[in-house]
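Undergrad: Pasting a structure here, questions to come.
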Amino acid sequence: MKHRFFILLEYTLIILHSLVIVLIIGQERLILPPILEVTGRMHPLLLHFPIVLLIMAVAMESLISDHIPRQIRSHFLLITVLLTGLTVAAGLILSFEPGYEYDNIKWHQWTAIALFWLGSIWYWTIDQKHLLLKKATPLLLVVLVIVTGHLGANITHGENFLLEPLKTKSVDNLSFEEALAFDHVIKPIFEQKCISCHKASKQKGELRLDEIRFIQAGGKSGKSISTENPEESLIYKRIHLSKEDEEHMPPKEKAQLTEEEKHLISAWIGESPEINQKITAYPEESQFAQLVKNKIEQAKATSYPFSSASAQTIKNLNNEYRLVKALTPQSPALEVRFFGRKEFQSTKLQELKKVQEQVVSLNLSYMDLREGDVKTLANFKNLESLHLNFTGIQGPWLKELKSLKNLKQLSLSGNPLQDEDLKILADFEKLEKLFLWQTEISEESLKAFQRSNQKTSVITGFQGDGTAIQLNPPILEYQNVIFKEEETIRMKHPISSVTIFYTLDGSEPDSLHSERYTDPIKIGKSSEIKARAFAKGWIGSSDISTHLFKARVKPENASLSFPPDPKYSGNGAATLFDLEKGDDDFASGKWLGFQSSPMEAILELDSSTEPRQITLSLFSDEGSHIFLPESIEVWQESQGGNWQRIHLDKPKLAEDYMGKRYHSKTIDLDTSVPVKNVKIRLNPLSTLPKWHNASGSKGWVFIDEILID
Amino acid sequence: MEKEQLEHGLQHNRRKFLSKLSLGIGSLALGSLLIPDLFDRKKAEEEMFAALPHFAPKAKRVIYLFQNGAPSQLETFDYKPLLKKQMGQELPESIRMGQRLTGMTSGQSSFPLVGSYFGFQQYGEARAWISELFPHTAGIVDDICIIKSMHTEAINHDPALTFFQTGAQVGNRPSMGAWLSYGLGSENSNLPAFCVLLSRGKGNGQGVYSKLWTNGFLDSIHQGVQFSASEDPVLYLGDPLGMSRSDRRKMLDKLAELNHLSFEANGDPEIQAKIQQYEMAFRMQTAVPEVTDISNEPDSIIKMYGPDCLIPGTYAANCLLARKLSESGVRFVQLYHQGWDQHDNLPKEIVGQANDVDQASAALIKDLKQRGLLDETLVIWGGEFGRTNYCQGKIEANNYGRDHHPRAFSIWMAGGGVKSGMVYGETDEFGYNITENPVHVHDFQATVLHLMGIDHERLTFKHLGRRYRLTDVHGEIVKDILV
C-alpha cells in the first residue's frame, strides 16, 4: 500500500510532465505570471539536486539495492525525478528571458528534458524484470547528467571554463612583434572576465564582447565604445564606476578587472579600437603599445624554468640577518639579502642550498667573504643579479663564478681587484651591468674593457671631477675646559688619509711650520689650541680652536666693586671662580654681564701658592651688543699698599657682526714681589660703533671665569 | 578620553574587552552589536595583508628629502621671465582670483610682482629650466622628474606639512612612512622600517614635530625612529656604563620569561609586540653603529656628498646616512631640512639653503645609481607648498621676500619607477596658477604607494568605526610620470 503522500507526489509528477510539454510547445508565446519567472530564476539553485540525487539513485539501484528496502528506493527515485522535472521546468522558463539564444542552449535543454523523461520511465518501470531496461537505463542516466551539467556550466561560466587552466594564455608567450591588439591583448581579458555574460549564448544587456564588430554595435544601453570621446565610452565608464554601483562591471560578485587590465582597456579604447592591428603598428608614443610592451616583458621576466620552493622552506630560511622572499608576488624566483656584517658566517650561505635553484638575486654586500663562500655561490645556477660590493673578494676567486651563465648584473665595487681580473669578467655572456668602482683596476684598463665588451655597461662611479674641495676641520677631544694640573687633548678626523697640524699659542697652524699630530698632547698651562687637517687631493681645512684653562690657584677672597646687571648676575663674584665654563647661552647664570658699570674684581691671593698668571674668559656676540671690553686693566698691590697698574690694553674693536665667540686673555703678574691683592677692571664699550644697528648706546661685557695659575 | 581608551582597547583585542566588561555572554552579544565586525576584524586584516603587495612594486624603498619651510618654486625650477619684466607691477586680480592670504601679507595694500634675482638655464634631454642656485641638481637632470604642478590645500606650515605626511591637515593620522611600514614591513629586522633624520639650514626656519612621523592609530612599531646627530644616534639604545652585552642578553631573557607568563595570563597581544621590540632594540645595538659609521666610506664618496657630510647633523651627512640606511633595507627614510621660509631676505637666505642641499641631494642620486639601487629606490625632493610671485614687504636692490602659496609649486622625484629626464605639469606666465596636469598632494601620495606596489584604496585601517587610508577618500595615480 502506498502512503497517501507519495500518491500525491505521483500526481504532481504527471502535472509536471504536462507543464514541461506546454512550455516546450508554447515557448516564448506564453505569458507567464511573475511568480513563475521567480521559479525560473531558481534554476541555478535547483539544478544541484537532480545532479546529486540522480547519481545517488543510480548507485542505490545498481550497487546496493539488496541492502535497502524496495519501497524506500522507489520513494527516493520519485523525489529525484520530481526535482529533475522542477529543474527542467524552471530552466525552460528562464530560457524565455532575454539574453538566451535558442541555438546556444538547445543541447542543454534537450539533454535535460531527455533526462527527465528517462528518469520518469525508469520510475514507472522499476519493477519490470526486463534486463536491458534494468542495466542500460541507469548507465544512460549518468551519462546524461554529466553532459547536461557540463553544457549548463558552459552557458554560465564560459565555454572554456573547465579546461582553461590547462591552456596557455595567449599574450604572455607571444612576442611583441606578433601580438594583435584585440585578439591577443583585449580579447583574453574579456574572455576571462566578461564573456561569460556577453557572448553569443548569453547576451546580457544585448551586448556581445567576443568580436570587435559586436563591441562596436553595442547593446541595449547604446554603443559601448566611442572613438571620438573615449572617456564617454560605456565600457570605460562601467569598469571605472565604484564597485558598489549597480552599473559597475563586472558585477561585484564576479571576478574583477585588475588595475592593469583597466589601464589596458582604457588605453585601447582611446587608440583606434575598431582595428585589430599589430601592436607594432601603433605610433611610438602610444600608451596602449607601451602598456602591452611592459606586460609582455613582465611575463617574460617572470617565467622561469623552475618551480617555487615551498612556503615553509622559505619561511624557515628567513631570519633577522637573512631575507628570503619572492622577487615579485607569485613568482617562483627568490631574492636573498644578508644583513649584519658581524653575524655573517659561511654556513649562513650554505643553508640556502634548498633554494639554490630558485635564487635569482643575491646581495652579500658588506659581508666578509672567503674563497669557500665564492665556491658555494657557483651552485646558484639561476642567479641573474649578484651583489658583492665591499666583501673583500679577490680577483682569482672570480673564476668560481664562471658557471653562473645567467648573470645579468654583477656588483664588485670596493674590492681589491686588479687589472688582470678583468679577463675573467669578459666571459659572462649575458652580463648587462657590471659595477666596478673603488677597485684597484686602472682607469685605462676599465676603458679598454668597456670598448671590447660593448654588451656590458661598466659602471665606474664618481671619480671626483678633478677640482679639489676643502676638508672639514679636525675634531678636538678633551675632558675639561678648565683643569688643575694637566689636560690631555686628542685630535681626530673622519677621513683616514688626513694629517693634522696644530699650534698651542693661538697662531695659525700650517703644514710646514706647525707640529704634526701623532699622539695625544698633554697641556700644562692655559692655552689656545688651533688645528687644521690636510690630505692629498684636498684643500686644507679651516682651523678649529679651543681654549683650555689652567686654574691652579683659587683666591682666598674675591669681591666685585660694582654689582653685575641684575639679569646676568649669577652668584656674583663666586661665579667667576666656580671653574664652570659658560656656553653660548649667556643668560644661563654662568656668565656675568656688565653694561652701566665696569667689571671690577678685587682678588685676595695667598702669596705662598705663587700665583704667576691670570686668564680671563670672555664672550662676544655683536648682534646681542656684547663686545670685548674697551680696555682691560690689571692692578697689583705693592708691598707698600699702593695699587700699581701692571697691565693695560685695548682689544681690537669688531668691525662687523661676527656671531657668538669665546675669547681668552692671559696676563702675567709681577712675580718680582710676593703677589697678594690683584684688581681687574674691564670697561664696557662706551659707544657701539657706527656700523652697529644700536650705534651710540653702551656695549656689554660678559665674563664667566677668572683663572689663576 | 576614557571612551577613546576603551575603543582603543576594543580595537586591539576582544579578549580584553570581554574580560573588562566581565559580563560573559552578555558582553559578547553587546560587543558584537556595538562593533559588528569585532570578530571578523582579524580575518579581514589577515586577508588584506595576504594580498600585499597588491602588484609587483617598482620601488622597494623611499628616501624623502623634505625641504621644510617651502622653497620658492620661482627661484628653483619654475622659470618665469614675465615676473622680471613686470617687476614691481601689481599682481592682476584675474590671476589671483580671490586666493586667500596668510596673516603675514593680508595687511599689505599692494602685491608687487617680483622676478627671480637668480638666472636660469636649460638642461638635459627635457630642456628643463633650473636655477643657477642648483648646479649639481642640473647635473642629474636626466635622472629626475620635475613636477611643476603640485598644489595643496593648506596655506600654513604645520597643516601643510601634516597634510603632506599624513594625508590630513589635522594631526593623529599615521605618516606615510608608518603606512608603508604597516603595509610592507621592514626588509631588515635589525633596523626600524621608518627612520627620520633632521637638519637645519641658516635660513628662516619652521619647526618639525614628532607628529609628522607618528604611527597615529597604527601599532607603535610603525612610528618613525629619529636618528640624532649626537654620539648616540638613537636615544636610549646604548647600554649604561658597566653593562656588558651578555648581561643585557640575560636580562632580556629573564624579562621575556616574565612577559610570557603575563601573556599566558591575560593574552594581551601588546605584550608579544613589546617582547619583539626589546629584541629588535638589542639587535639595533650592533646594527645602528654599523650603519652610522662613515669612516669606511671611500674618499670619492665623501667628495661626492661634500665635506659637510662628515659633520653629523648636516643635510649632507643625513643624505649619506639615508643612503646607508636605505641600502641596509630601511623601507622609508624621511629627511627634513629646515630653513626654507623666506618671507624676507630671500636672495641671501636661499643661497645658503641651496648650498646646503644641492650637492648632497645630487650625490645621493649618483650614489644610488652607481650601486644599482636607484631603480628600486624612490627619491623625493620638495617642500610643503610654494611661494607667492609677489613680494612680501618692499622690493629692494638686494632684498625681497615671498609669502606662502599653495596653488602651484615644484618638487622632483627620481628612481624607482618614475620616468627620468621629464618635466611634468605647467603653470601660467605668472607662476601663480596651474595650467596643465595638476597634481594634488593626495595624487602624489597615491602615486608613491602605487610605486611601492600598493593600491592606495586597499591599504586601510579601521579606527573609531571607519576605515582610514593615507589618501582619505581621494587620490588619482599620476600615470603619466610612471615608467
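Glycine too: its Cβ is placed from the backbone N, Cα and C atoms.
Quick caveat, the model's predicted, so the values are computed rather than measured.
So TrEMBL lists the following for this protein:
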type	residues	note
DOMAIN	A:181-273	domain 'Cytochrome c'
TRANSMEM	A:7-25	transmembrane segment
TRANSMEM	A:45-64	transmembrane segment
TRANSMEM	A:76-95	transmembrane segment
TRANSMEM	A:107-124	transmembrane segment
TRANSMEM	A:136-153	transmembrane segment
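Thinking about packing and proximity, how do these listed features fit into the structure?
TA: Helix, strand and coil residue tallies for the domain 'Cytochrome c' (A:181-273), in that order: 44 helix, 6 strand, 43 coil [DSSP].
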Undergrad: Where among A:45-64, A:76-95, A:136-153 do we find the most Cβ pairs under 8 Å to the transmembrane segment (A:7-25)?
TA: A:76-95
Undergrad: Thinking of Cβ pairs under 8 Å, which stretch from A:45-64, A:107-124, A:136-153 has the most of them with the transmembrane segment (A:76-95)?
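TA: Most Cβ pairs under 8 Å with the transmembrane segment (A:76-95) come from A:45-64.
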Undergrad: Please average pLDDT over the domain 'Cytochrome c' (A:181-273) for the predicted structure.
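TA: When the pLDDT values over the domain 'Cytochrome c' (A:181-273) are averaged, the result is 84.
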